[in-house]
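These notes concern the structure reproduced below.
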Amino acid sequence: MVANILRLFQIPQISYASTAPELSDDRRYDFFSRVVPPDSFQAQAMVDIVKAMGWNYVSTVASEGSYGEKGVDAFMQLSREAGGICIAQSLKIPHDHKPSDFDKIIRLLLDTRYARAVILFASDEDIRGILNASKRADQVGHFLWIGSDSWGAKNSPIHQLEDTAVGAITILPKRATISGFDAYFTSRTLENNRRNVWFAEYWEENFNCKLMSSSKKDESSRKCTGQERIGIDSKYEQEGKVQFVIDAVYAMAHALHSMQRDLCPENSGICPEMDLAGGKKLLKYIRSVSFNGSAGTAVTFNRNGDAPGRYDLFQYQWSNVTGPGYRVIGQWTETLQLNMEDMQWPRGEQDIPSSVCSLPCKAGERKKVVKGMPCCWHCEACDGYQYQPDEFNCKLCPYNMRPNANRTSCQPIPIIKLEWHSPWAVIPVFLAMLGIIATIFVMATFVRYNDTPIVRASGRELSYVLLTGIFLCYIITFLMIAKPDVGVCAFRRIFLGLGMCISYAALLTKTNRIYRIFEQGKKSVTAPRLISPTSQLAITSSLISVQLLGVLIWFGVDPPNTIIDYDEQKTINPDLARGVLKCDITDLQIICSLGYSILLMVTCTVYAIKTRGVPENFNEAKPIGFTMYTTCIVWLAFIPIFFGTAQSAEKLYIQTTTLTISMNLSASVALGLLYMPKVYVIIFHPELNVQKRKRSFKAVVTAATMSSRLSHKASDRPNGEAKTELCENVDPNS
């Protein structure tokens, strides 16, 4: 039936070859343009190619006219809808172009050098002009051409310009060579193909001769003989669109066949209903056809009346084995299928060349988009403690976190504490261990020789209290270095000032007792009150209880706890930032805890100064004085160091080490000046550890008064010292 319809409507036999002249738009059948995939499909395939290559900055060049301009318009529209593709420049090739026009286009394209990819919707002649101009500008290999089906797999646009075309990607509707068409068409002559009204014009163009007087050929052209033969006297190659012409004709035939079957079931030809049907009804039948086309593929139309898009993708490559030529690198049938490993690029580039306005930002850099050009941006680094939540923003990490290596997220800041193996801890621990050993040795010696005159003369009860305070001063070193927890923090609060408080309370009681004894001796021979050992212990205990009461109040107001201090070592470089695990004790609280002990120390020093004139062998007055002077120097040095390093990155280490060493030195001074001479005598000179005689309190005071008066006449002595033999080995408890 279809064949009958073709004969019935006298549809001319197909005569379309690659050497046929271009027909004007008004001489083309509309249904042929519908069978050939529309520009929108071709443009979509190009958009998919650009996105697959990772290109986001491209230029377009179109031949002036409906084909080029509509193709570029479709590409630009689809690229906007797809997003991520920016058009650097959109240029047109004028109809009446000159070589300088192509040179100008190349210069304009080079103004946006990073837009290497160029979309071409141009005729063969215009493609040659563009390639020639790029060669003249010495830009061979710079541009990455993407040609439409007008380029396809043709050799004519790149003849003698093969080097400039290497790497070009072209697109061509999927098609097949129609068997039998070549034999049919090459057999056509002027005699057997009179029904084709355009065949004579084709004959003149194909053989470059003049056939009739009305011909458009120049008068100088030779006259056609009519004996020329296609493919023998001229070059012949089957045009790739032959398949679509055949399918277009058959689509019309199938539509008419369906229409005749529905409207004229009783008739074998056209009936009045078909005459009155009109074009809209015929279009409905055309869009409804479905049959296997001349190439064996299905011919259908979508809701827009377009045939499905099927394209072969080519790349022009140069091979040392096969030479230059087009190579199939993929296809597009609604979706892109591309073989990246088969692709070859100009200048021997191994990776896919770039065609981007701006290079991707590095990790940790945000994009600052150029206004009006979403594909162009500046990269700004996220600095400090910022991380990159997305490609356009930087955001600060939470307080206890820092950015990771590539600044894509945040990670916890490492927590540190003073480690036992740190040099900042090793020295204080070493001194503390030596001090503890020495203190235990002294205490053991005193216990062993508890009833000897030297031990008794030292005031045994206060000596043991003082040794206990010295011992606690050394012990605090280990608490200050131990890993902070609630228990450690509680013991730090207790023992931080307790050791010093016990030590200086005992020394203050001793110096006060000496001062009162000799002040009382100047007035009368009656002993002052509260100088017995029991009274001395009671006074010392009352002084110590003030410190303990303050600590208890501290516990009640602010229970001990641990904190992580991120400010102490939050350096400019986040890689060096550390959180410090520490007890919830401020610098001010430390000084307040030590303040009472320092007050006792200062008071004791005042009494030591007041009793400096007491005979040197009487109840340790001068050793206590030297101890207090040295201790004051130690703590005067401690305070500026402690507060001067409050802003240092090494604050934890410096302040802890300074505090522990100061306490160790204070304890060591007291231990060395007050006890080591006695221990030396007890162990190495036991012959001196004997009681010579006892004296009453009245005799002691009288001797001391005489010694004091003699000291004012020291200039009369050869060595500047007053004799104090009368005060030797006096029992202070007598």
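Including glycine, each Cβ sits where the backbone N, Cα and C put it.
What TrEMBL says about this one:
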type: COMPBIAS; residues: 713-726; note: compositional bias 'Basic and acidic residues'
type: DOMAIN; residues: 424-698; note: domain 'G-protein coupled receptors family 3 profile'
type: REGION; residues: 710-734; note: region 'Disordered'
type: TRANSMEM; residues: 424-450; note: transmembrane segment
type: TRANSMEM; residues: 462-482; note: transmembrane segment
type: TRANSMEM; residues: 494-515; note: transmembrane segment
type: TRANSMEM; residues: 588-609; note: transmembrane segment
type: TRANSMEM; residues: 621-643; note: transmembrane segment
type: TRANSMEM; residues: 663-685; note: transmembrane segment
Folded-back contacts onto the transmembrane segment (588-609), same chain, C-beta under 8 angstroms, at least six residues removed: 493, 496-497, 500-501, 503-505, 507-508, 511-512, 514-515, 543, 546-547, 550-551, 554, 621, 624-625, 627-629, 631-632, 635, 642, 659
Distant-in-sequence neighbours of the transmembrane segment (494-515), which means Cβ under 8 A and at least six residues beyond its ends: 459, 462, 465-466, 468-476, 479, 531, 536, 539-540, 543-544, 547-548, 551, 590, 593-598, 600-601, 603-604, 607-608, 610-611, 614, 618-621, 624, 627-628, 663, 666-667, 670
Spatial neighbours of the transmembrane segment (462-482) far in sequence, C-beta under 8 Å, 6+ residues away: 418, 420, 425, 428-429, 431-432, 435-436, 439-440, 442-443, 446, 455, 488, 491-492, 495-496, 498-507, 509-510, 533, 536-537, 540, 656, 659-660, 663-664, 666-667, 670-671, 674-675
Local confidence of the prediction over the domain 'G-protein coupled receptors family 3 profile' (424-698), expressed as mean pLDDT: 83
